[in-house]
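Annotated features, as they stand in Swiss-Prot:
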BINDING   Gly166, Arg167, Ser168, Ser191, Ile232  NADP(+) binding site
Amino acid sequence: MNNIIDGKALANEILADLKLEIQELTSHTNASPKLAIVLVGDNPASIIYVRNKIKNAHKIGIYTVLINLSATIHTNDLISKINELNLDNEISGIIVQLPLPSSIDKNKILSAVSPSKDIDGFHPLNVGYLHSGISQGFIPCTALGCLAAIKKYEPNLTGKNVVIIGRSNIVGKPLSALLLKENCSVTICHSKTHNLRSITSKADIVVAAIGSPLKLTAEYFNPESIVIDVGINRISSNKIIGDVDFENVQSKVQYITPIPGGIGPMTIAFLLKNTVKAFKDSLYTLDT
């Protein structure tokens, strides 16, 4: 049944376009896009994610610098390091790999990244732009990836009933803002929602981002559902599964993203797209 949304293929299309765009941009300037990745500690999953980001960045001509810091670093010391990157004109974008150790104040760290280099879209100013409907700043990459995957198969979203399971600042909240802009009717559910199945089963589109392995079975959907699984649940060193019971759900819905190979590659593609945007913005700033 060919109803799988191939996030890897979609991401490769985006990356191919970005590579050409970078070649064009760098042919007219001595500068190149450069991404700084701040990794605190040695979380195995974070190391894998960072490695994938670096690999894809290099493929399309984005330079990277990895700042690997001890898990015992203090919040203020980490802010000082971020400020150095903010002031470095060669750095186009900055990401702080999450999660951070519990001893670090995450909100202070995310607010320390310059909004003009905040390619994750987590700075309060960028969050405010998105939820105010202002076309400025950066939007979280996973939310952008979800929207692009949906629109590939459902270009006109006006009037669609969308249920997002998850209310995080990374997926649920920013994606809801993007979908409202597309004239969808959006319902956000979460772990405390009652009668979840009765809500999701009526939806045109369901986005699962709750971090609960295989929680959503076929009964949660209808035959016309588009299912976007954002869950990444690591059950061993080399195996991840989603929030949706893919094997039993695939044949019961219209379209579905797999895990892996779904939203993960799309997230990286849009992270790099945001990096190129930051690079272009910096070139414009230098010219004015």
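Each residue, glycine too, has its Cβ placed from N, Cα and C.
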(message) As a test of the contact definition, list every same-chain residue at least 6 positions from Ile232 (NADP(+) binding site) whose Cβ is closer than 8 Å to its Cβ.
(response) Gly211, Ile240, Gly242, Ile259, Gly264
(message) As a test of the contact definition, list every same-chain residue at least 6 positions from Ser191 (NADP(+) binding site) whose Cβ is closer than 8 Å to its Cβ.
(response) Ile210, Ser212
(request) Compare all C-alpha positions of Gly166, Arg167, Ser168, Ser191, Ile232, the record's NADP(+) binders, and send over the largest distance in angstrom. (result) 16
(request) Could you list the residues of the same chain, at least six apart in sequence, whose Cβ is under 8 A from the Cβ of Gly166 (NADP(+) binding site)? (result) Gly172, Ile188, Cys189, His190, Val207, Ala208, Ala209, Ile210, Gly211, Val230
(message) To see if you understand the setup: which same-chain residues, six or more apart in sequence, place their Cβ under 8 Å from that of Ser168 (NADP(+) binding site)?
(response) Ala209
